[in-house]
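Lifted from TrEMBL, the feature list:
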| type | residues | note |
| --- | --- | --- |
| DOMAIN | 552-618 | domain 'Cationic amino acid transporter C-terminal' |
| REGION | 421-441 | region 'Disordered' |
| REGION | 645-669 | region 'Disordered' |
| TRANSMEM | 36-58 | transmembrane segment |
| TRANSMEM | 70-90 | transmembrane segment |
| TRANSMEM | 102-123 | transmembrane segment |
| TRANSMEM | 171-190 | transmembrane segment |
| TRANSMEM | 197-217 | transmembrane segment |
| TRANSMEM | 229-251 | transmembrane segment |
| TRANSMEM | 272-294 | transmembrane segment |
| TRANSMEM | 314-338 | transmembrane segment |
| TRANSMEM | 366-385 | transmembrane segment |
| TRANSMEM | 391-412 | transmembrane segment |
| TRANSMEM | 522-542 | transmembrane segment |
| TRANSMEM | 554-578 | transmembrane segment |
Amino acid sequence: MARWLPRSTDLTRFCQKLNRVKTLEDDMMETSFNRCLSTIDLTLLGIGGMVGSGLYVLTGTVAKEIAGPAVIVSFIIAGFASLLAALCYAEFGARVPKTGSAYMFTYVSVGEIWAFLIGWNVLLEYMIGGAAVARAWSGYLDSIFNHKIKNFTETHVGAWQVPFLARYPDFLAAAILLVATAFISFGAKVSSWLNHVFSAISMGIILFILIMGFVLAQPKNWSTQEGGFAPYGLSGIMAGTATCFYAFVGFDVIAASSEEARNPQRAVPRAIAFSLGLATGAYILVSVVLTLMVPWHTLDPDSALADAFYRRGYAWAGFLVAAGSICAMNTVLLSNLFSLPRIVYAMAEDGLFFQVFSRVHPRTQVPVVGIVVFGLLMALLALIFDLEALVQFLSIGTLLAYTFVAASIIVLRFQQQKGDVPAPVRSGQPNPEPHEGPSGGELKEYESFSDKLQLVDRDKSKEQREPGQLKAAFEPYLEFLSDFYPGEVVTVAVVTLMVSAICLCSILVFGNTHLHLPTWSYSLLLVLFSLGFLLSLLLIWAHEQQHSTQTFQIPLVPLSPALSIILNIYLMLKLSYMTWLRFAVWLLLAQSSHSCSYTGRGSRVCLLVYFGYGIWHSKENLREPRPQRVSARYVVFPGGSLEERVQAVQPSSQPATGLPDTDTDDCKR
């Protein structure tokens with residue numbers, strides 16, 4: 001029975017497959033797409049993804065129910081938290097100008113299995129998010145016509161009461177998605193032009209709202225008679241921040257479009273900065289005029305802006321607000337439909353998803369198969385499913401992607417660049433000349449089997465140190481860390497930092513409410529996990545990192561990504577337990593794509609998306625060389641120092657016996 005158990009070498013090789021990283025091409029500007037997008041195009045795409053229906057609905061909801069007029073402060077804090085994540089995306093988008101967004105960034109730095117999970121959740125975010133926006137678009141337009149569309153559908157088609165299904169089929173939502181899919185399939189330039197039209201109308205209406213709002217502003221609405229500026233206190237401001245944070249999740253469309261940018265090294269960071277700054281300013285200023293026009297406690301959460309103009313005697317302005325809301329939702333739809341097929345394309349191009357989705361149309365230079373298939377799936381979701389319960393757990397996938405991208409920034413910044421690691425000596429090459437030891441004696445050589453050895457002869461006296469190595473100033477105090485390979489200690493420290501952040505945020509969120517910890521243990525745990533977080537941060541900082549002036553780099557690494565990590569984890573833990581339950585169900589679906597039952601035999605065959613397809617069809621799997629024996633040559637100096645060299649030896653043409661070859665373990669002098 002023991003012969004059926006996997007050997008340790010097989011388990012090691014399997015774990016290496018899970019954590020292998022993507023090999024980037026030498027020329028990363030080479031692409032099958034059309035590099036036609038400018039900085040303005042990318043900026044408007046980002047604005048379209050962020051300034052959606054939330055500007056017309058979210059501001060009023062947070063102001064009335066959570067934070068009051070202090071929703072302004074909530075948007076400022078949320079904008080800063082989003083800025084940390086956006087800067088991480090900006091560095092990756094400029095450094096790796098390939099489509100795929102968070103999936104691609106995780107693949108090139110963390111590992112394949114983590115990239116697949118991130119990509120799967122990003123697909124979920126775009127699919128359900130786009131379908132939910134389409135249903136909101138349909139409902140908003142229907143409300144303008146006194147729900148005539150809804151009444152007609154229920155009368156002539158019917159209504160049903162089925163769990164997870166909508167009350168009636170929303171043909172209008174499905175139709176708008178199909179129309180948007182058709183426009184997206186015409187190419188990036190057509191999509192960008194259509195986004196320009198809707199974004200220009202939306203920004204014009206926002207400008208009108210701001211001008212009219214400041215004209216109608218009444219400062220007394222922030223007075224103590226109306227409850228004051230922050231009626232819910234600091235807790236209300238922070239709760240509002242957690243809600244307002246999700247208004248800025250659309251900037252990743254810029255990173256997903258980097259493979260179609262003319263000059264991604266400059267355009268991507270600038271577009272992310274401009275779009276996030278304009279979106280943050282729009283949310284803050286609209287919150288100011290909304291809470292100054294009418295008292296915050298009298299706002300209508302469903303249509304705050306239109307209701308505020310109506311109550312001030314400008315009912316006609318409500319139609320402009322409705323038009324602006326519809327245009328804003330159109331830009332969000334275009335953003336989702338633009339990004340989703342490109343994420344699928346990146347996964348299929350790497351072999352982790354079905355190869356058919358990597359086909360690019362030769363004329364339009366877009367992944368037409370992915371656009372059509374996922375556009376139809378999104379339309380089907382909007383047609384028959386109730387998406388209100390599903391939308392809530394989209395935020396987990398978004399925050400998880402932000403967390404992994406921030407961690408990837410730290411790992412990649414402290415890794416050696418391509419070509420820094422010395423290549424092993426191949427068989428067939430001349431052996432190195434004998435060396436003389438420090439005392440001039442003859443060298444003694446030993447050979448033994450090893451599949452994991454690299455050169456360890458490092459010149460510790462040279463001033464220019466490689467990324468991932470310990471800084472010279474800390475070597476006298478942390479000398480025991482000098483024996484690790486460059487980047488190993490940083491990777492372990494990043495994992496420790498994330499674990500400490502999870503524990504710290506768990507104590508902050510659940511310590512007094514769910515865990516009911518006494519004061520002394522609550523304080524002690526906070527101090528311990530805070531020290532773990534800070535020590536991990538200091539340990540990372542004690543190592544050399546890459547310094548490049550060719551592309552944009554986020555400042556204050558590792559502090560900035562670490563702050564992004566802890567903020568994202570805190571916001572994830574603030575979500576309800578039902579949201580986490582739904583998220584866990586989705587991850588289980590990711591493991592099992594579909595199953596078939598054979599009633600006569602009582603067996604079930606489960607096909608796994610990644611373990612059944614992706615891990616074997618991955619391009620990195622095809623790049624892996626066939627197993628071969630490797631011998632290591634140890635050169636022992638008379639003085640006692642040790643130097644190690646690697647020499648790959650071609651396997652001998654002897655039949656496999658299942659037993660290890662012990663000849664290579666013999667020592668030779």
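Cβ coordinates are placed from backbone N, Cα and C, and glycine is handled just like the others.
Among the recorded stretches 70-90, 102-123, 272-294, 554-578, the one sharing the largest number of Cβ pairs closer than 8 Å with the transmembrane segment (522-542) is 554-578. Predicted-model confidence for the domain 'Cationic amino acid transporter C-terminal' (552-618) is 69, expressed as mean pLDDT. Contact between the transmembrane segment (272-294) and the transmembrane segment (102-123) is not supported, since fewer than 3 Cβ pairs fall under 8 Å when only residues 6 or more apart in sequence are counted. Note on the transmembrane segment (391-412): residues 84-85, 88-89, 91-92, 101-102, 105-106, 108-110, 114, 118, 121-122, 124-125, 128-129, 132, 246, 249, 252, 487, 490-491, 494, 498, 540, 554, 557-558, 561-562, 564-565, 568-569, 571-572, 575-576, 578-580, 582-583, 586 of its chain, located 6 or more positions outside it, place their CB under 8 angstroms from a CB of the stretch.
Long-range contacts of the transmembrane segment (36-58) within its own chain (CB-CB distance under 8 A, at least 6 residues past either end) are made by residues 133, 136-137, 140, 188-189, 192, 195-196, 198-199, 202-203, 206, 243-244, 246-254, 257, 260-262, 266-268, 270-272, 274-276, 278-279, 282-283, 286, 301-306, 321, 324-325, 328-329, 331-332, 334-336, 338-339.
In this chain, the transmembrane segment (70-90) lies apart from the transmembrane segment (197-217): fewer than three C-beta pairs between them fall below 8 angstroms, excluding pairs fewer than 6 positions apart. Only pairs six or more apart in sequence are counted, and the transmembrane segment (171-190) with the transmembrane segment (366-385) gives three or more Cβ pairs under 8 Å, enough to call it a contact.
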